[in-house]
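To keep things clear, I will list the structure first and then write my remarks on it.
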Amino acid sequence: MAETKRYITKEELEKHNTAGDLWISIQGKIYNVTYWANDHPGGQLPLLSLAGQDVTDAFIAYHPGTAWKYLDKFFTGLYLKDYTVSEVSEDFRKLAAEFSKSGLFEKKGHVVFVTLCLIVLMFCFSVYGVLCSDSRSVRLVCGGLMGLMWIQSGWIGHDSGHYQVMSSRGFNCLVQILSGNCLAGVGIGWWKCNHNAHHIACNSLDYDPDLQHMPFFAVSSKFFSSITSCFYDRKLNFDSVSRFLVSYQHWTFYPVMCLARINLFAQSFLILLSKRKLATNKGLEFLGLVVFWTWYPLLVSCLPSWGERIMFVVASFSVTGIQHVQFCLNHFSSSVYVGPPSGNNWFEKQTEGTLNISCSPWMDWFHGGLQFQVEHHLFPRLPRCQLRRVSPFIRELCKKHNLPYNVVSFWKANAMTLETLRTAALQARDLTNPVPKNLVWEAVNTHG
C-alpha cells in the first residue's frame with residue numbers, strides 16, 4: 001500500500017521559526033534545517049528571516065538546479081496542507097525555468113575579464129603616478145583613479161558573491177579576496193552576510209541592513225520609534241544626536257557618502273572579530289585586510305607632503321563615494337515596511353522595494369548591473385551581462401500582474417532620494433514629543 005501523506009497547517013509551520021527549531025516549506029514539502037543553518041553558504045540570517053514559511057520563490061531565485069538534490073536529507077516527511085501557488089509566483093517560476101533552459105545563468109560574457117584588466121591598469125597607473133610623477137595634479141588624479149579602481153573592484157566582489165565568475169569555486173574565492181580585501185580593504189565575508197540579508201528582506205526597516213544608517217540617515221519616520229535591527233541585534237536609538245543629524249540629512253547625504261568607505265573598513269574588521277560564523281575563511285580574510293592596510297598607507301606615505309597625502313585620500317574616498325550613492329538610489333525612495341519578509345509575496349516585495357536606473361548600454365560599466373535592480377533582485381544569479389536582455393520579460397510580467405516596474409534617470413533617482421531624505425528630515429524636526437536636545441541642537445536652532 002502507498003504511504004499516506006502527513007500534513008501540517010500553515011499555522012503549525014509558523015511555530016517552527018527560531019534558530020533552535022527552524023522549518024521551511026519548498027513546493028509544499030516541509031524541511032527541517034535547524035542543524036544545517038549554520039553551514040548554509042548564505043549564512044543563517046536569510047533562513048531565520050523566512051523561517052516557518054514557504055520559501056519556494058526565494059529558493060529558486062538563489063539556488064541553481066543542482067541544489068534540489070540536497071534537500072532530501074532535510075525532508076521531514078510532512079507536507080503543507082492546502083498548499084497553493086499564486087499566479088504571480090507561477091509566472092515567476094516559469095520565467096526562471098525558461099532562463100535556465102536557455103543557459104542564461106551560465107553565459108557570463110567577458111565582463112569579468114575586461115573589468116579585471118581595467119582594475120590592474122588603474123592600480124598600476126595610480127601607483128606609477130604617485131612614485132614617478134613630479135606633478136601635484138597628476139598625483140591628485142591618481143587618487144581619483146584609485147577611487148575608480150575601488151568602484152570596479154566592488155562590482156567584481158558583488159558579482160562573485162552572487163554567482164561563480166571564475167572557472168572554479170576556488171578561483172572565485174581568490175578573486176573575491178584579492179578584489180575586495182586586498183585591493184579595496186572591504187571584507188567579502190561582511191559583504192556576503194550584509195548583502196544576503198538585504199536581498200531576502202528588501203526594504204524591511206528592521207531586517208534590511210542597507211536601510212539602517214542611524215544616526216546619520218533615516219528614510220522613514222518609523223525609525224523615530226527606535227526600532228530594533230534584526231541584523232545588528234541592537235536598538236537603533238533615535239536620540240537627540242540622531243534627531244539633529246537626521247534633520248539635516250538631505251544636506252549631509254553627499255558629504256557623508258564621500259566618507260562612507262570608513263564604515264565599510266570598520267564593519268569588515270568588526271565581523272571578523274565577532275563570533276558570527278561566515279561562509280568564508282576568517283583567517284584568509286584577515287590576511288587580505290592586512291595586505292590592504294600595508295600597501296595603501298605605504299603608497300600614501302610616498303607622497304611628498306601631508307597636504308598631498310590628505311588630498312590623495314580625500315580624492316580616492318570621494319570618487320568611490322559615487323558607488324555608495326548608487327547603492328542608495330535603488331532603494332531609499334522605494335516602498336518600505338516593518339517586519340520580517342514574507343515568502344508568499346517574494347516577487348511583489350522585490351519589485352515594490354527597488355528602482356531601476358535608465359542608461360545607455362555604453363554606460364553599463366558605470367552602474368555595474370545595479371541599473372537593472374528589479375531584474376537583479378528577482379534573479380540575483382543572473383550574470384550582469386544578461387540583465388538588459390531579460391529586462392523586457394520582467395517589465396511585461398510586472399505589467400501583467402499590475403505590479404510596479406519603476407525606472408528613472410540617474411539624475412531623477414538622485415532627486416527622489418534627496419526628497420525622501422528631506423521629507424523624513426522635516427518630520428524629525430516637527431515631532432510633538434521631542435527627545436532631549438543636546439547643546440549642538442540648541443545652538444543651531446536658537447532664534448532671536
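Glycine is no exception: its Cβ is also placed from the backbone N, Cα and C atoms.
A quick note: this is a predicted structure, and the numbers were derived from the prediction, not measured.
Positions annotated as domain 'Cytochrome b5 heme-binding' by TrEMBL: 5-89. According to DSSP, the domain 'Cytochrome b5 heme-binding' (5-89) comprises 33 helix, 22 strand, 30 coil.
Per TrEMBL, transmembrane segment is recorded for 111-131 (among others).
Listed as Cβ neighbours of the transmembrane segment (137-158) (distance under 8 Å, sequence separation of 6 or more from its ends, same chain) are residues 112, 115-116, 118-119, 122-123, 125-127, 129-130, 165, 175-176, 179-180, 183-184, 186, 188, 191, 195, 261, 303, 308, 311-323, 365, 368-369, 384. Per TrEMBL, the feature transmembrane segment maps to 137-158 (among others).
Long-range neighbours of the transmembrane segment (253-274) within the same chain, counting only residues 6 or more positions beyond its ends whose Cβ lies under 8 Å from a Cβ of the stretch, are 150, 181, 185-187, 189-190, 193-194, 216-217, 282, 285-286, 289, 314, 317-318, 320-321, 324-325, 328, 417-418, 421. The transmembrane segment annotation in TrEMBL covers 253-274 (among others).
Taken from TrEMBL, the feature transmembrane segment covers 286-306 (among others).
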